[in-house]
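Feature annotation from Swiss-Prot assigns domain 'J' to 5-70; the stated evidence is sequence analysis. Here Swiss-Prot flags 136-214 as zinc finger. For C149, C152, C202, C205, the entry in Swiss-Prot reads Zn(2+) 1 binding site. Taken from Swiss-Prot, the feature repeat 'CXXCXGXG motif' covers 149-156, 166-173, 188-195, 202-209. What Swiss-Prot lists as Zn(2+) 2 binding site is C166, C169, C188, C191, and the listing cites sequence analysis.
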Amino acid sequence: MAKRDYYEVLGVAKNASDDEIKKAYRKLAMKYHPDRNPDNKDAEEHFKEVKEAYEMLSDSQKRAAYDQYGHAGVDPNMGGAGAQGFGGFADAFGDIFGDIFGQAAGGRGGRGGPQVYRGADLRYSMEITLEQAAHGYDTQIRVPSWVSCEVCHGSGAKPGTKPETCPTCHGQGTVRMSQGFFSIQQTCPKCHGTGTYIPEPCAHCHGSGKVKETKTLEVKIPAGIDDGMRIRSAGNGEPGINGGPPGDLYVEIHIKPHAVFERDGDDLHCQMPIPFTTAALGGEIEVPTLAGRATFPVPEGTQSGKTFRLRGKGIKGLRSSIAGDLYVHVQVETPVKLTEHQRDLLKQFEKSLAEGGARHSPQSKSWFDRVKSFFE
């Protein structure tokens, strides 16, 4: 089955900003999250689709590749499980400019010897809870990594043999080609810039000199981190070529939708149901916060949809000196499954309200006045 367009999945335009994409993701993730839709396969599939679309469009490099090449430009099969390289397009352009200027993009060498390349960066996608994001979190991750082959000790050659000087470039890693009035230096097509070639490759690493293994890394997630932020682990990307420096590992953070709170920057929002008696008479209600429980007074006559602000009960962001606020949106509950006695009491209450006039229902009065003027 063909994949849907990622912008269509999130319901945003192709020129949508990062904030618009993030807000659309949060809204849909809350709607389709498995915790809110137990045993609902359709919602589960929608959630996976929304998550995949956000992972692609929230990454500027992947979004650019998707915009240009579509789904083929962000093939999830590239890279290892959990971690993905994103040096493919840079490598392609590096070859082009390296051929013209005699130096690969991000590398050095050319005249003095074989090309030296920095290793590609890797990306690891990690999902954490809102509580972990707010308070900080130390954990370990397992990522695929390349290490020196133990059989050939990193040479890439079959034991008992060794790499030989490339006969085409004589160990320089580059060759010169004349085209009319121009002399162009380009990467050697035989040794691909290494300056050597391997007549008998190692059977274990197939001549690469390295093998893939999984390594464990310590990751410290700072308190206040937000969805989509990345943590850089220097030197834990793919190894360099010909002595080049290794790339970096970027741990991209995704925060799971919360059952109670919705985050907006450093602020939190929650929906709070209250009895209609508390709304009418006033009282004190208890609300959850990330630090525990808090209470605040509800004035009498509170209407459904009223928002209360609890200062400092949000999240202290990475670049903030103070914590954000918690916004409690009150929803007045209508009682159900009433007994006959309760129904009689409510009827008496309704009658007393009618006798008291419109002063008991200010919103209804203003609404009826607007309707009346509409038909006049």
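Placement of Cβ uses the backbone N, Cα and C atoms for every residue, glycine included.
From a predicted model like this one, the values you see are computed outputs, not experimental measurements.
Structure coloured by features recorded in Swiss-Prot.
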residue	record	CB count, 10 Å
C149	Zn(2+) 1 binding site	19
C152	Zn(2+) 1 binding site	26
C166	Zn(2+) 2 binding site	21
C169	Zn(2+) 2 binding site	23
C188	Zn(2+) 2 binding site	21
C191	Zn(2+) 2 binding site	25
C202	Zn(2+) 1 binding site	22
C205	Zn(2+) 1 binding site	21
Closest of C166, C169, C188, C191 to C149 (Zn(2+) 1 binding site), Cα positions, binding-site residues only: C191
